[in-house]
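What follows is a set of notes on a single structure, which appears directly below.
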Amino acid sequence: MRLTIASGVASFTAAILLYPLFQGGTWFWTSLGAVLAVVAAGLISSRLSLPAWAAPLLGLAATWVYLTVAFAAGKAWAVVIPTKSSVLELARLLGTGWDDIQRFAAPVPETRGITLLTAGGVAVIAIAVDLLAARVRRAALAGLPLLALATVPATILAEPISWPAFIVAALGFVSLLISDGRERVGHWGRAVLVRRTRSATSPSPSRSAPGGARAAADTRGLRLSGKRIGFAAILLAVLLPAALPAMEPVSFFTFGVGGRGSGPGNSISIANPIASLKGQLDLPERRVVLTYTNNDDTPRYLRIYALDTFDGQQFGMTQPKGAPQNRTENGPLPPPPGLGRDPQITNVVTSVQISDDLARLRFLPLPYPPRQIRVDGDWRADVDTLMVFSTREEAAGIEYEVLTSEPKPTASLLESLDGAQPNTDPRFLRLPENLPPEIAQLADEVTAGAGTTYEAAVKLQEFFTRTGGFTYSLRTQGHGNSALRDFLLRDRTGYCEQFAASMAVLARLVGIPSRVAIGYTGGVKMGDRWEVGTNDSHSWPELYFEGVGWLPFEPTPSGAAGQGSARVPEYTQPRPETTEESTSPTPGATSSSADEPQDPSARRNPREVDREGTVLPGELPPDDSMPLIAQIGIGAAALLLVLLIPAGVRMVTRNRRVRSLGFKVAQPADELTARMASSRSHTSVAAAWAELDDVLYDYGMARGASETPRALARRLTQQYEFDAGSAAAITNIASAVERVLFARDAGRIEPMRKDLRKVRQALAATTSRGRRVRAVLLPPSTLRRLRLLGERLLDGFDLLENIGLRRTAAQKGS
Amino acid sequence: MAVTHDVPPQLDELVSTAHRIRQAIESVIEGKSDAVRLTLTVLLAEGHLLIEDVPGVGKTMLAKALARSIDCPVRRVQFTPDLLPSDITGVSAYNQQTREFEFKPGPVFANIVVGDEINRASPKTQSALLECMEEHQVTVDGRTYPLDAPFMVIATQNPIEMEGTYPLPEAQRDRFTARVAMGYPEPHAELEMLDVHGGTSPLDKLQPVATTAEVRALIEAVRGVYVSQAVKKYAIDLVVATRHSPDLRLGASPRSTLQLVRAARAHAALTGRDYVIPDDLQDLAIPVLAHRLLPSVEAQGQRRLPEQVVTDLIRRVPVPETRAS
């Protein structure tokens with residue numbers, strides 16, 4: 001009976017964890033109703049003493065009736081009895097609910113279908129919990145279905161479950177366990193020895209109770225222990241993770257950051273970049289995503305993602321790897337891959353301000369290639385792609401400064417580079433085997449006559465922008481295998497995504513490593529800042545040339561008939577001689593340093609960033625990163641220090657006691673000094689006695705509670721075969737303690753430092769070395785003191801609990 | 001370096017007198033120094049002693065030796081089933097000459113009363129001792145006659161399983177400060193006994209070594225032995241523990257607490273200490289408490305004797321450990 005109700009409560013509290021998945025509150029009440037229906041069925045089963053297998057069937061039936069009433073009352077007979085049409089209605093609702101769930105991302109709107117699915121799911125969980133806890137009597141196992149319910153939001157959402165909700169759910173489960181324990185013990189009879197007794201002498205509570213008045217089992221003590229353990233466990237579960245340092249993804253442990261599947265914790269969730277791109281472009285009104293300024297006042301493409309894998313359907317992203325040493329705060333980022341010494345470098349500082357409204361972006365929009373970033377929080381760079389991302393922070397609302405070292409290759413330089421084997425990951429060249437042969441054919445046709453890879457790349461870009469007859473339209477849908485073929489060979493209509501992906505594919509076909517960048521174009525100038533809006537979302541291919549690195553290309557038509565703010569890079573212009581910087585600013589070009597002689601920075605260590613005084617207003621923070629070994633060392637040292645705390649405490653205590661042992665006994669001149677001396681001698685005796693007690697405890701020969709000083713001295717002398725000196729010393733101490741504790745006048749007491757030392761040496765001689773080392777490093781006496789402290793705390797709790805009990809007892813009596 | 005451990009002057013005389021008495025008794029009873037010591041302790045604690053053992057181990061000899069070594073009136077009562085209360089307390093007899101009833105004091109009017117085989121008398125007679133033991137007075141025919149100090153009853157009894165015995169009622173047992181068992185002597189002590197007792201009884205040669213006044217002074221000195229609050233608390237803890245032990249049907253009475261502390265005082269004084277330590281209480285707990293306790297049915301079933309229960313309790317009850325100020 002009680003278990004059934006507790007099962008229902010536990011199921012419902014676990015269901016509360018689902019709250020972040022929904023937009024409204026209907027599901028809550030519907031699920032509550034479903035749980036109530038299951039509980040009612042469970043109560044009936046208990047009352048009728050149905051066999052264990054029948055109870056879940058009854059529960060299912062009750063759930064069915066409830067769902068019929070709630071969702072298909074109109075089609076049911078007399079509202080309650082399910083009919084064929086009501087069943088069909090429920091099935092239809094389930095179908096639409098399923099579709100809705102596929103369609104929407106959390107938090108989902110509460111359609112009837114989704115609510116039905118939720119209520120049904122919660123009811124099934126409640127039935128399982130009831131079966132396990134109340135029928136099979138395995139309450140602990142009932143945690144599994146509850147856990148399954150709790151993992152639903154955890155797997156769908158990136159955010160961790162909020163702790164108050166977790167506490168509520170955990171309390172539900174604990175109450176289930178407690179009531180199971182009560183029920184179980186209630187069948188045995190009186191619980192024995194569960195309550196801590198202060199000593200063996202104190203009367204047991206049952207004895208002092210009026211004789212025989214309590215026939216029922218006394219489970220108060222058990223309940224108390226259960227509650228204590230449960231609450232302590234919940235408290236630990238909530239507090240401990242907060243206190244622990246978060247797991248750092250360390251590259252040599254070979255787990256990168258997160259998956260696309262995305263769960264809570266340290267992984268990052270990447271909403272499908274392409275879908276979000278299309279979504280942003282489709283938005284009816286333009287919203288500002290970010291604004292930026294830079295020191296040469298030139299718009300630049302801001303890249304967020306670099307998609308490197310092509311599966312025949314679409315481009316996707318390999319999990320970025322953020323090693324701790326590649327934190328932005330650790331100084332310069334890894335060098336841009338493939339960048340040699342030949343191209344001119346332009347250093348640009350860009351200050352970016354991201355809008356507050358940008359939801360769930362964990363990558364920084366950055367001009368390529370970023371060299372150094374000044375940003376708050378734990379942001380890390382992926383070595384291969386230089387994407388900068390975080391597992392904890394979100395980009396919304398932050399401000400940062402980025403230093404980029406932009407290569408400015410000339411067309412002639414790019415032509416001269418031909419022949420160098422691209423030294424990149426083969427994944428940038430990988431294509432699916434089932435790629436239609438027409439596309440490969442097209443690639444060959446387009447690049448026919450190109451002498452170098454660079455020429456081939458330029459021809460490809462020209463194919464899209466000029467010769468191919470492509471038109472720009474946002475209407476196009478899809479990006480599958482056939483979509484690629486359709487786009488390239490048939491309708492030649494699409495938007496940046498198709499252009500970028502197609503060019504990347506064609507580039508791979510002719511042997512140029514490529515990837516698809518997703519981000520924003522440079523935007524438009526508003527006042528003194530560049531403003532980037534949702535309609536500036538863009539996608540473009542990046543092609544790799546050994547010696548220069550990754551270079552953006554722009555196959556998408558720009559201007560009014562295309563992507564408004566797209567710009568064709570300078571080096572891809574057919575005639576490099578006609579530099580038209582003033583008329584067409586390009587992402588790769590800067591006016592400030594275009595004609596400067598060879599940049600000396602290019603000859604330096606590629607990891608070192610050239611800090612030009614004019615470019616950087618101030619020094620970026622120096623590299624204060626700490627090697628991993630040092631971090632581990634510091635951690636180990638801290639751990640060691642923590643472990644040595646008991647030893648330290650012990651040493652301090654011992655020193656204090658020894659100091660109070662060494663008092664000098666002067667001949668007392670008058671009564672007052674005599675009394676003072678005697679009180680000091682008492683302190684000294686107490687110190688010696690306490691110290692002896694601790695030494696004994698540390699060496700594992702602890703004094704028994706009923707052992708008098710005299711008996712202790714006798715035991716030690718006999719058991720450890722003390723020589724005469726040690727025996728006299730221990731007898732001395734015992735006798736002094738005895739007199740101080742029990743005599744009317746303790747009389748004259750000699751300092752006991754020497755006696756104590758002698759006894760300690762005699763004891764140490766009889767113990768093993770390991771024991772002695774342990775007594776020094778991890779003294780059990782200090783641990784005992786800690787335990788006593790804990791017990792005192794528990795006594796306090798007991799006191800509180802007793803006050804409560806006494807009050808209820810008084811109420812019962814009145 | 002040695003801790004001063006001198007006997008306080010006020011106990012000097014006590015220790016030497018007690019030593020003399022002990023030596024006197026031990027010249028008669030060989031190898032029973034514990035029993036002798038306990039006997040002296042009870043004497044100095046103004047208590048009464050119950051000696052329980054099988055016949056023939058020297059119970060009566062111990063009682064008589066103590067009585068002899070002190071120069072004081074000693075009476076001996078042989079308890080038999082037909083003994084009447086008036087045989088102990090005394091009777092009022094009509095004096096023809098004075099034409100008045102005259103009180104003829106019974107054997108209890110002495111400093112030391114040896115009650116031999118006390119459990120052979122009927123309970124009625126046994127209980128005649130109740131008043132005199134506790135209140136040191138006798139009431140006959142409405143008149144109360146005080147007894148001389150010191151007054152000590154040394155009773156011997158055979159184990160209650162023996163034939164022809166009436167077990168002492170709880171109230172009666174509670175009045176005895178301590179119970180001691182003699183036990184069989186060691187073989188060498190028995191051999192010595194054969195040598196010594198072969199010809200004459202050594203009891204006859206025993207001369208008193210202390211006077212009544214001396215014993216009274218000793219008792220006075222014992223009263224001055226200091227008992228700290230901690231030790232009093234420990235005594236109470238021990239006694240209370242017997243009342244809550246699941247092994248016992250009847251725990252020890254408050255009177256036993258009183259007697260335990262009194263006996264501990266005497267015990268401390270006999271070792272020349274003018275303060276009581278928990279060891280005194282631990283040493284005396286079994287003889288002082290065990291004979292008053294009734295084991296529970298479960299303990300009886302497990303054949304656990306009250307002595308064992310008390311031993312357990314001593315082991316469990318923590319000794320006072322007040323931190324010296």
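From the backbone N, Cα and C atoms, a Cβ is placed for every residue, glycine too.
What TrEMBL says about this protein:
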type: TRANSMEM; residues: A:28-45; note: transmembrane segment
type: TRANSMEM; residues: A:57-80; note: transmembrane segment
type: TRANSMEM; residues: A:113-132; note: transmembrane segment
type: TRANSMEM; residues: A:139-157; note: transmembrane segment
type: TRANSMEM; residues: A:163-180; note: transmembrane segment
type: TRANSMEM; residues: A:229-247; note: transmembrane segment
type: REGION; residues: A:317-341; note: region 'Disordered'
type: DOMAIN; residues: A:488-557; note: domain 'Transglutaminase-like'
type: REGION; residues: A:555-623; note: region 'Disordered'
type: COMPBIAS; residues: A:581-594; note: compositional bias 'Low complexity'
type: COMPBIAS; residues: A:601-613; note: compositional bias 'Basic and acidic residues'
type: TRANSMEM; residues: A:628-649; note: transmembrane segment
Please work out the helix, strand and coil residue numbers for the domain 'Transglutaminase-like' (A:488-557) from the DSSP assignment.
20 helix, 31 strand, 19 coil
Would you mind listing the long-range same-chain contacts of the transmembrane segment (A:139-157), meaning Cβ under 8 Å and 6+ residues beyond its ends?
3, 7, 10-11, 14-15, 17-21, 106, 121-122, 125, 128-129, 132-133, 169, 172-173, 176-177, 180, 263-264
Residues of the region 'Disordered' (A:317-341) by DSSP state, where helix covers H, G and I:
6 helix, 2 strand, 17 coil
Restricting to the domain 'Transglutaminase-like' (A:488-557), what is the model's mean pLDDT?
84
